[in-house]
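What Swiss-Prot says about this protein:
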type: DISULFID; residues: Cys30-Cys174; note: disulfide bond
type: DISULFID; residues: Cys329-Cys360; note: disulfide bond
type: DISULFID; residues: Cys512-Cys544; note: disulfide bond
type: DISULFID; residues: Cys550-Cys561; note: disulfide bond
type: DISULFID; residues: Cys555-Cys570; note: disulfide bond
type: DISULFID; residues: Cys572-Cys582; note: disulfide bond
type: DISULFID; residues: Cys929-Cys956; note: disulfide bond
type: DISULFID; residues: Cys960-Cys973; note: disulfide bond
type: DISULFID; residues: Cys967-Cys982; note: disulfide bond
type: DISULFID; residues: Cys984-Cys994; note: disulfide bond
type: DISULFID; residues: Cys1164-Cys1199; note: disulfide bond
type: DOMAIN; residues: 30-174; note: domain 'F5/8 type C'
type: DOMAIN; residues: 180-360; note: domain 'Laminin G-like 1'
type: DOMAIN; residues: 367-544; note: domain 'Laminin G-like 2'
type: DOMAIN; residues: 1013-1199; note: domain 'Laminin G-like 4'
type: SIGNAL; residues: 1-24; note: signal peptide
type: TOPO_DOM; residues: 25-1237; note: topological domain 'Extracellular'
type: TOPO_DOM; residues: 1259-1306; note: topological domain 'Cytoplasmic'
type: TRANSMEM; residues: 1238-1258; note: transmembrane segment
Amino acid sequence: MDSLPRLTSVLTLLFSGLWHLGLTATNYNCDDPLASLLSPMAFSSSSDLTGTHSPAQLNWRVGTGGWSPADSNAQQWLQMDLGNRVEITAVATQGRYGSSDWVTSYSLMFSDTGRNWKQYKQEDSIWTFAGNMNADSVVHHKLLHSVRARFVRFVPLEWNPSGKIGMRVEVYGCSYKSDVADFDGRSSLLYRFNQKLMSTLKDVISLKFKSMQGDGVLFHGEGQRGDHITLELQKGRLALHLNLGDSKARLSSSLPSATLGSLLDDQHWHSVLIERVGKQVNFTVDKHTQHFRTKGETDALDIDYELSFGGIPVPGKPGTFLKKNFHGCIENLYYNGVNIIDLAKRRKHQIYTGNVTFSCSEPQIVPITFVNSSGSYLLLPGTPQIDGLSVSFQFRTWNKDGLLLSTELSEGSGTLLLSLEGGILRLVIQKMTERVAEILTGSNLNDGLWHSVSINARRNRITLTLDDEAAPPAPDSTWVQIYSGNSYYFGGCPDNLTDSQCLNPIKAFQGCMRLIFIDNQPKDLISVQQGSLGNFSDLHIDLCSIKDRCLPNYCEHGGSCSQSWTTFYCNCSDTSYTGATCHNSIYEQSCEVYRHQGNTAGFFYIDSDGSGPLGPLQVYCNITEDKIWTSVQHNNTELTRVRGANPEKPYAMALDYGGSMEQLEAVIDGSEHCEQEVAYHCRRSRLLNTPDGTPFTWWIGRSNERHPYWGGSPPGVQQCECGLDESCLDIQHFCNCDADKDEWTNDTGFLSFKDHLPVTQIVITDTDRSNSEAAWRIGPLRCYGDRRFWNAVSFYTEASYLHFPTFHAEFSADISFFFKTTALSGVFLENLGIKDFIRLEISSPSEITFAIDVGNGPVELVVQSPSLLNDNQWHYVRAERNLKETSLQVDNLPRSTRETSEEGHFRLQLNSQLFVGGTSSRQKGFLGCIRSLHLNGQKMDLEERAKVTSGVRPGCPGHCSSYGSICHNGGKCVEKHNGYLCDCTNSPYEGPFCKKEVSAVFEAGTSVTYMFQEPYPVTKNISLSSSAIYTDSAPSKENIALSFVTTQAPSLLLFINSSSQDFVVVLLCKNGSLQVRYHLNKEETHVFTIDADNFANRRMHHLKINREGRELTIQMDQQLRLSYNFSPEVEFRVIRSLTLGKVTENLGLDSEVAKANAMGFAGCMSSVQYNHIAPLKAALRHATVAPVTVHGTLTESSCGFMVDSDVNAVTTVHSSSDPFGKTDEREPLTNAVRSDSAVIGGVIAVVIFIIFCIIGIMTRFLYQHKQSHRTSQMKEKEYPENLDSSFRNEIDLQNTVSECKREYFI
């Protein structure tokens, strides 16, 4: 199979070479001077300084010494008639001899007839040639691509400002021979085969054509089995229909196999090459090639009897054709090496000729181009005061709006306006401001095609005809009497025209017109050009310079292209991309980036190559505290049972991951580690059998290769995990299943060799014996570790740099990275070409500069930051250049943008190495760090390159200095080599950014008591020394925070007591007001009541209490409710315990607190924090190791679910950070094979289980209520031995509440 693409490539190169060889002149040294032998009469010009023809050959010194026009302006030109079509390869110019007259820049135009000129272009833009700097030196230009023409025209653009236009010219080339056939739209050529059937496995068809119309068949052939090949013009584009043996695909109903080209009805030559090998086809029109695979059942194209050129004749009906025939000329027509036109000229018996001639007859049609949307117009005279009016012309444009015609009618008839508005043709006759008549017709007339318009008015009837179809008459025009005027303004109005001779309510027309008739008389536009007829401004006469800016389509990633006369637009709405050319992905490149943005676990789309071609892939981002896992699900993650498979009839299952293999490879290659769990459950079903034997089961990986090793084993070793551990059931085998036992067992493990992942298929061959059965499960592809986002290097000498291969980005370039520095300036990166270059640098402490040159001169964009950028913090830079704009973005500052010029060079051509962190001159080097450098979505592996480069170190420390604020709610940022993590030890929250609330539902009897003691970690894997748990048992301040939802009042929320009878209490009074009670230093109890609302109202409330020394503040729901100063030297003595909910000990509570405590707290509480301690989090997460006691039922839940619901009902919300759960059972899951009996049995079991649970809970509740005090004592005795003895004894608080309390109401 691999040999076919190779053969295709070889044949394609061979055929392309032969085609170009056939079309190139036979003289390989095609550089002969062609103008030096011409007579003076072969030269003509727009005007001449002396009024007579002046020979303008190179080095001419006689007479005036060359050509100069009468006036030096942009309308002048010099042309020569070379006598016949020749191949032109170079040009040269001089100034006029002995003068100060020379041209400094010019353009070239070519023509076969001296009419309908074509401008010379390079890079799809009108090319400007550099001219002379004096009168005598010769400036020679080799054409990038040769031109075949008879007439050449030099158009001066700029000249010596101290002189005038002056030229002596030469063109170089050689003779050009070709075979041409002219088709008049009713004729064809038939090439009859020598045998009945022509069957070919490969074809090469080449030709050149010029067409007079937008539709017509160039050639056609078909066979009886449905084979056909047809090339036809459709609305100015070439459509190729090709089918190989598919009888269902008929030409009349099938869509084209490929469509190429645009504006091919411009009466200029266009080249076509069709190369086919089997079903692989290359279709080339001019310089654009489309490769496709054709439909069909075979590789051979079977054509019966003949090929027809110019039309599709109907068998048995001479002169009748199935489709519109071709009208124009075809040149050098070759079919598989056969020169068809040469055979026809020599009247060979294989050719049957219709009304075909062998020279190209072309009508002398003169088009004009309206260039400027504000100043272009054409004024033509008419015959005034005729009863009626007759005007017709053809136009083509890309603009939806524009004035086509304005004329003031005689005899007070009003003004006639014809315009395009929204692509619709609109005819209006108005008197003053009153609209007398209006006709609308057509749609989408800005499609770039030629459209014919005719206006006829006689007496009181107006007829508007568009493309030979008459529009419905105006309903209110029956009484209009029209008399023709004497001036007709086409395209626009003069700027200095102030009267009603020309009205233009919209912008001027930009486009082409031709075949203008007024009063049924054609208008000679060459006379207009010569100044003898009418007037004009900003017109190109004798050429139509329309250009299809959507060919090729520069809208990327499937964006749709539309255009106006001057630019193109991209519609990105149906893509996953954005930007002027749909270049930028709307998705991030990895789960790591989503995590960095503050997202939590969920489904996301990632675009691994950013602006590259791969496209987005849906994944699950499991964003945990330590690793960020990327999971890619496939279509079969359930346990699947297999029976009846054997080597002759194997079982195979392909896995679909919802994306291409390239997308999956990008995810894997961009990760530090990837794995897939594979499980094989077996009963008398062998897996691998022996390391040297043929395996019974294998899997297919990314390269479509078989892999006989199983999970837990390294590649190349035909074993399972138990074989490496020497723990298999049978020591003679290396997998449990290879023991071939008549009972269920399994081999389960992880595949983690990235070059083989993902698993794309599994094949099983040993489940066809008696009692033989297997069940398999392959988990999702899971990866962690972003090798792109944290890939960083440090530059510590100005002369150091990293170099990479040349950055190839001709049409679109985007560069993004992070940097941090303390230097004043330095170059981030630079890439040079011969003239082009691209450079990004920090040019001052507060400025980033992006400079680029694509050949039109440097463009520089600067973003200035209001704050310093050399602050040793990470900053983000993104620079982009495309065919629409150049832009620079720094952090979140306003983007700097510059529109790209529509003309001139547009390819960015670089050829040096890419320098990162410096320049090729080793000057202006960057000092600092660069991270996550991407060019057009591709990661640059900075760290790997830095390992072998002096002056550069891999990695860059100090992420927390920039990203520490991402850790919320008291979380601490911890540095890692490849990033950072948030340590939530001291926070009542959890999650990757300490933003996830830890909350629980309390019942009325629930109590959570935290005993203060030596520092104890409440987060796993955090050492005691690194734990910042509060250690001072005699604090001088309190920072208390909690959130709650309840409907119960009174309620006790929080109780803090000390061994010296000090306490702080937070409770809800009976009326729902919140009360905070402070008793410190044996003072009277301070009671602070906030009764602004009933806080037992099923809504979430947030309380913050802060005391530092004497100053106390209380916030409720983010509003400051109270501020108070205690007496001097107030402090909280040694704290004993903190209780949430009901206080179960006998602590001698005062009456108010006792009332609230009797009710306890029923509701939901979350985010509880006392200084650096999170007691609720400790109870829920680390109850076995933290000094915390729980009485009653405490159920973890989200308080958000309790709002506006029954808070007294205990609701448990189970969540999983990874929806793709794993199963590792010794036997297959019972639901692998579903049955009704299993479902019914399961329901019964669940009901019985629930009943027993209810009985158990009731029994436990009654027991706990009776033994609560005893349990509290026992719990304290279970603390670790290293606790202070003062906390091992039970301490009863004495009732020191004064009879005289201070109470504060807010």
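Note that Cβ sites are derived from N, Cα and C of the backbone, with glycine treated the same way.
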Item to check | C-alpha spacing of Cys973 (disulfide bond) relative to Cys982 (disulfide bond), in angstrom | outcome: 5
Next on the checklist: Summarise the domain 'F5/8 type C' (30-174) as counts of helix, strand and coil residues per DSSP.
Outcome noted: 3 helix, 70 strand, 72 coil
Next on the checklist: Which one is it, among the disulfide-bonded residues Cys360, Cys544, Cys572, Cys984, Cys994, that lies nearest to Cys561 (disulfide bond) by Cα separation?
Outcome noted: Cys572
Item to check | Neighbouring C-beta atoms (10 Å sphere around the C-beta of Cys582 (disulfide bond)) | outcome: 26
Checklist outcome for this item: Cys994 (disulfide bond) sits from Cys1164 (disulfide bond) (Cα to Cα, rounded, in Å) at a distance of 20
Checklist entry - Taking the Cβ of Cys561 (disulfide bond) as the centre, how many other Cβ atoms fall within a 10 Å radius? => result 18
Checklist outcome for this item: Taking all protein chains shown into account, the Cβ-based neighbour count within 10 Å for Cys973 (disulfide bond) is 18
Item to check | In the chain carrying Cys329 (disulfide bond), residues 6 or more apart in sequence that have Cβ under 8 angstroms from it | outcome: Val180, Ala181, Asp182, Phe183, Phe209, Lys210, Cys360, Glu362
Checklist outcome for this item: CB contacts under 8 angstroms to Cys572 (disulfide bond), restricted to the same chain and 6+ apart in sequence, sorted by sequence, are Cys555, His557, Gly559, Thr578, Gly579, Cys582
Checklist entry - Among the disulfide-bonded residues listed here, Cys544, Cys550, Cys956, Cys984, Cys1164, which has the most company in the form of other Cβ atoms within 10 Å of its Cβ? => result Cys984
Item to check | Pairwise Cα distance for Cys512 (disulfide bond)/Cys984 (disulfide bond) [Å, integer] | outcome: 70
Checklist entry - What does DSSP call Cys960 (disulfide bond) in the simple three-state scheme? => result helix
Checklist entry - Cα of Cys973 (disulfide bond) to Cα of Cys544 (disulfide bond): how many Å, rounded? => result 66
Next on the checklist: Give me the count of other Cβ atoms within 10 A of the Cβ belonging to Cys982 (disulfide bond).
Outcome noted: 25
